[in-house]
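As given in Swiss-Prot:
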ACT_SITE  85  active site, nucleophile
ACT_SITE  193  active site
ACT_SITE  195  active site
DOMAIN    3-223  domain 'Glutamine amidotransferase type-1'
């Protein structure tokens, strides 16, 4: 399996994403936002950071980058797409995931480890975790409040699209939502950082299973 790790001006988690892909047994390349083809890639990783300085709003300017049409194409083809933090914001901006990310209720930047519950372990991103397993991922964001209308929330619940919830909501996210998938289950966005949770020496290795799950799920379908 070969991942494209997207790089925008202001990305700062691209190396972490690359490392996570390699550690999970996949191949990976950094792909500049000005590229117009993702031919040859089996999945996309959209990292955190502050793409284009978060001007206008988080993810807004990245949403019109040349590479985005290819991200949409791969997503529509059923290939896995993971967006973390700013990557999640970008996925909502381009319409691959519902809802929006607002400023934290505290209006402060939050950076700490958070306990999270695996709310759905039947996706290509979470199928190596136990049902309702508690994991620890770092968060680092100022605009991590997940917002959606009641109709969208009811749809997320009905379709089992909520995959990750906060045990102690740090930002005011609707119903403690930390991560979701699209209806097809191949596009995932989350504010916490699994790519920063790969080594026990750093405090948690809870993120390892997420990337291994992506690779294993792809191999089951393609090898």
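Even glycines carry a Cβ here, placed using N, Cα and C.
Locations of recorded Swiss-Prot features on the structure.
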{"residue": "85", "record": "active site, nucleophile", "CB count, 10 Å": "30"}
{"residue": "193", "record": "active site", "CB count, 10 Å": "23"}
{"residue": "195", "record": "active site", "CB count, 10 Å": "29"}
Alpha-carbon distance [residue 193 (active site); residue 85 (active site, nucleophile)] in Å:
7
Hey, does DSSP put residue 195 (active site) in a helix, a strand, or just coil?
helix
